[in-house]
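These notes are about the structure you will find just below.
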Amino acid sequence: MGPFSSCKAWLWSVWDFAKEDSNRVKFAFKVGLAVLLVSFLILFRAPFHILGTNIVWSILTVAIMFEYTVGATFNRGFNRALGSLLAGILAIAVAQLALQSGRVSEPIIIGISIFLIGAIASFMKLWPSLVPYEYGFRVVLFTYCLIIVSGYRMGNPIRTAMDRLYSIAIGGFVAVLVNVLVFPIWAGEQLHKELVNSFNSVADSLEECVKKYLEDDGLDHPEFSKTLMDEFPDEPNYRRCKSTLNSSAKLESLAISAKWEPPHGRFQHFFYPWSEYVKVGAVLRYCAYEVMALHGVLHSEIQAPYNLRLTFHSEIHEAATHAAKLVRSLGKDIGDMKRSLKTSLLKKLHGSTERLQRAIDMHSYLLTCNFDPPDNSSKPLTKLSHAFSTTLYDPSNLLTEFDSSGTEKNSNQTNQNAPSGTPPQQTESFHEMMRKQSRRLHSWPSREVDAFEEEEGGLSMEEFLPRMRALEGTAALSLANFTSLLIEFVARLDHLVEAVDELSKMAKFKHEGV
């Protein structure tokens, strides 16, 4: 039962892997078909008698040259053809020179040539501008060595070189033909979809992060070890956005492959600006950095009080919603290959961001540890101040009120109804209430406030309030950090809009006014 269950689980994993991307199955089918077609040259006697054992090079060429996309196959085929041709020419020239030099010096000349070709090819493939042709230099090296050595032993290097070049040409032709005609997988189409998915990932992750930040009351934070391992099962879009940060190499590889492809599908004109996709992806990654930084604030140890986050709830939510809508709209325009004006979306986004900035500026005293509310007697109270006054209060203000009114009232009652020397029990209960309120409103520090008193033998009210106000200010700065990152994300969207507009012009997207 054990082996059967493990085999069944393995089959299900294979099925899920194939179902995730059907192109994987198509690619495997095409490689098998190409190898089978080349193998017929060996299985049937007629072509085998003509080409001989060198036909095995056709199978080797298909196995090495066949790539996932059409463009990558063309690129690999060009390197293979150029490298083989260059190696064949050099092998023939050196073989003729070695034959004319005599039997004694012939192996010496061949040995020296192998050393020089190996050293020069290995050095040139490391040259920065020649890195895209690294495979071609590798082909030059092993093809030259095999031809020159086998030709030396067989005594006819020219015939050996020509037979192997024919076999390589047959294998390359079959690989290209099958890859283009049978379920073609275009690198340009893959690049196009990858970029559109990146736009959606960034937008979804931004909305996910802001929604959780505004709804999270700080009661159920994950452990710090899980935070380091990025284990957030309740944030499915987090990993998608994180993969966008690592998409640079993939986009560049797809763009290089797409340049080798002929016009196809929706990309019908020559010299399509595939490099602009890489530039747009680079600008989008800078926006994704800000989203990941927002996630960092969301999962940080120091958290702003929940009620303080609710104070700026509408402004933060509005700015994040409009920003995500703009990013998603840009991705949709690229996906549909349409060019539309984003004037209305940009106006809404900038308006919501300006409202958030004004709210932060007007109520910046809430984000500092020692603040005195500004005198707004001549101005009407905004809904933001009203929301704050009903959801959050400062212990120092209450203590001042208590000292100015409650203490006086209690002292009068004490003078009338109690003997002198009675301890102020109401003041002690008030202090206890302040500690409980601070623990409820502040999610950081995670230690209980009473732990400080237990360690240091108790804190007086003069020592307790400054410490608590410092902790309040540090926690409140977390909200300032979150809002500044959100505003920076919006600022970077202007560059993203310009990059997408440049791509739409160069790619000749269909223009639609909005």
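In case you wondered, yes, glycine gets a Cβ from its N, Cα and C as well.
Just so you know, TrEMBL annotations never went through curation; they're auto-generated.
Now, the feature entries from TrEMBL:
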type: COMPBIAS; residues: 399-428; note: compositional bias 'Polar residues'
type: REGION; residues: 399-446; note: region 'Disordered'
type: TRANSMEM; residues: 27-48; note: transmembrane segment
type: TRANSMEM; residues: 55-75; note: transmembrane segment
type: TRANSMEM; residues: 81-99; note: transmembrane segment
type: TRANSMEM; residues: 108-129; note: transmembrane segment
type: TRANSMEM; residues: 135-153; note: transmembrane segment
type: TRANSMEM; residues: 165-187; note: transmembrane segment
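Taking every recorded stretch in 27-48, 108-129, 135-153, 165-187 and counting its Cβ pairs under 8 Å to the transmembrane segment (55-75), the highest total belongs to 165-187.
Counting Cβ pairs under 8 Å to the transmembrane segment (27-48), the stretch among 81-99, 108-129, 135-153, 165-187 with the most such contacts is 165-187. Beyond the transmembrane segment (165-187), the same-chain residues lying 6 or more positions past its ends with a Cβ under 8 Å from any Cβ of the stretch are 23, 26-27, 29-30, 33-34, 37-38, 41, 51, 54-62, 65-74, 77, 80-81, 84-85, 88, 254, 257-258, 260-261, 264-265.
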